[in-house]
Amino acid sequence: MPEDTGKQRLFFALWPPPGLQRALAERAREALDGRRARRVPAENLHVTLAFLGEVDARTRECAEEAAGSLELPSFTLAIDRLGLWARRGLLWAGPSRAPEALPALAAELGRSLEPCGLERDRRPFRAHLTLARKAAGQPPRQAMDPLEWRVDRFVLVASQLGPGGSAYTLLREWPLHG
Ligand code: ATP
Ligand code: MG
């Protein structure tokens, strides 16, 4: 338990405003069209930028300083496609074309966390919001009417794993500029 070890399971993410989260959850419901799946609750929908794992307080402090040292631009995303990663039945939404500022943000964060002893994810960054897991059946239609998202901050989130899914707590946020 985190209480026992003093460790927290942390990740950096983009967090959509509640209205956009609700719109995305609605798109997921439509795409699944009654098929079985473990849908992510609207208020949990996010884009993971960097996953830290279970870290101690000192590492968290280092990560927060690293995040605070970044000076990166804000940008706009058009969430305009759905996909299904069949192996895990993972239904996702994402931008078909993301501005360079998005992968740059993920890469810069990853780089800045290395001196904290955190390893960078070697897999290429694929911007997506997980809408549902364990989705059965056919992949959905790929295109969707774009949902526009002005991204002007990123957040540090604590995740507590539980039997009914993860519970997230937004700990802190940093602005993206301009
Ligand atoms: P659950 O594990 O209960 O299904 P979850 O995956 O959303 O829920 P976490 O496992 O705490 O909760 O993950 C938090 C975020 O970090 C999610 O967006 C998840 O996809 C991502 N993530 C988890 N593990 C890794 C990892 N090893 N590498 C990269 N990203 C990860
Ligand atoms: Mg997980």
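Numbering starts at 1 and runs along the chain as displayed.
Heads up, the Cβ atoms here are built off N, Cα and C, so glycines get one too.
Database features (TrEMBL):
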ACT_SITE  His46  active site, proton donor
ACT_SITE  His128  active site, proton acceptor
MOTIF     46-49  motif 'HXTX 1'
MOTIF     128-131  motif 'HXTX 2'
On the 0 to 100 pLDDT scale, where does the motif 'HXTX 2' (128-131) sit on average?
98
Within the same chain, where does the motif 'HXTX 1' (46-49) have neighbours whose Cβ lies under 8 angstroms from its own Cβ atoms, ignoring anything closer than 6 residues to its ends? I mean 6 or more beyond.
11-16, 105-106, 109, 127-129, 154, 157, 168
On the DSSP side of things, how many residues of the motif 'HXTX 1' (46-49) fall into helix, strand and coil, could you say?
0 helix, 3 strand, 1 coil
Do any residues of this chain, six or more beyond the ends of the motif 'HXTX 2' (128-131), have a C-beta under 8 angstroms from a C-beta of it, and if so which?
16, 24-25, 27-28, 31, 39-40, 45-47, 79, 82-83, 90-94
Residue distribution over DSSP helix, strand and coil in the motif 'HXTX 2' (128-131)
0 helix, 3 strand, 1 coil
